[in-house]
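Asker: Pasting a structure here, questions to come.
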Amino acid sequence: MESPARPAPAPAALLYYVAFSQLLGLAVVAMTGTWLGVYRGGIAWESALQFNVHPLCMIIGLVFLQGDALLVYRVFRNEAKRTTKILHGLLHVFAFVIALVGLVAVFDYHRKEGYADLYSLHSWCGILVFVLFFVQDQIQQVRARGRPGQRAGPAAGRLRRGRALHPDPRRLEAAPPGGRASALHGLQDADGGRQPQLPVTRAPCHPVPSREAVSAVSGSRQK
């Protein structure tokens with residue numbers, strides 16, 4: 001069995017790039033909050049300040065958190081794949097929920113003030129970005145479940161990662177005939193039928209004598 005490929009070492013300057021990106025993202029969030037608090041009167045839901053919820057939520061969700069979700073696979077490249085996937089998914093969920101709150105805030109503000117919806121290029125571009133974000137998240141979930149009809153399990157996972165499966169012939173010989181057939185069939189099914197069928201070792205059996213041979217032996221005994 002071939003050993004799994006080891007991940008390439010991270011660039012030496014990756015830590016500095018990640019630290020700079022985090023500082024830049026936090027600075028953008030802080031500057032947006034300061035702008036809304038000092039120059040726009042603050043943030044509130046049940047007042048004319050409800051509109052200010054929209055830019056802050058969009059900055060936090062679609063800029064800061066989504067950017068961190070994309071950096072997960074680079075920063076934690078030596079961690080377990082399952083751990084990085086969970087962290088990546090959680091950051092995307094938080095980004096989606098916060099962006100949705102900002103979207104609801106601006107539409108609710110327009111409804112209360114009697115303004116028209118989607119009347120500017122900014123609004124149409126924003127809706128397009130949010131829809132594409134939701135669609136790509138759904139596509140990733142479908143791809144994570146696997147193709148329709150594909151057998152799930154450890155064997156299929158190892159085959160998808162490019163490692164060939166070769167069962168131990170000694171185990172196949174020691175197993176009962178039904179178990180050997182099931183094991184071989186499972187390997188073929190996990191590989192889409194491309195796995196070559198291995199020979200099954202059977203217990204030696206003695207040939208059945210014909211009627212002529214039995215008659216000859218009986219005649220010789222009577223004589």
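Yeah, the Cβs are placed from backbone N, Cα and C, and that goes for glycine too.
Unlike curated entries, TrEMBL annotations are predicted automatically.
Just so it is clear, the model here is predicted, and its values are computed rather than measured.
Pasting the relevant annotations from TrEMBL:
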type	residues	note
TRANSMEM	12-33	transmembrane segment
DOMAIN	20-223	domain 'Cytochrome b561'
TRANSMEM	53-74	transmembrane segment
TRANSMEM	86-107	transmembrane segment
TRANSMEM	119-135	transmembrane segment
REGION	145-223	region 'Disordered'
COMPBIAS	147-157	compositional bias 'Low complexity'
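Are these features on the surface or tucked inside, and what touches them?
Answerer: Residues 55-56, 59-60, 63-64, 67-68, 71, 74-75 of the same chain, all 6+ positions outside the transmembrane segment (12-33), place their C-beta atoms under 8 angstroms from a C-beta of that stretch.
Residues 45, 50-51, 53-58, 60-62, 65-66, 68-69, 72-73, 76, 117, 126, 130, 133-134, 137 of the same chain sit 6 or more residues outside the transmembrane segment (86-107) yet have a Cβ under 8 Å from a Cβ within it.
Under 8 Å from some Cβ of the transmembrane segment (119-135) lie the Cβ atoms of residues 58, 62, 66, 95-96, 99, 103, all in the same chain and six or more residues away from its ends.
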Asker: Take the domain 'Cytochrome b561' (20-223) and average the pLDDT across it for me.
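Answerer: Averaged over the domain 'Cytochrome b561' (20-223), per-residue pLDDT gives 75.
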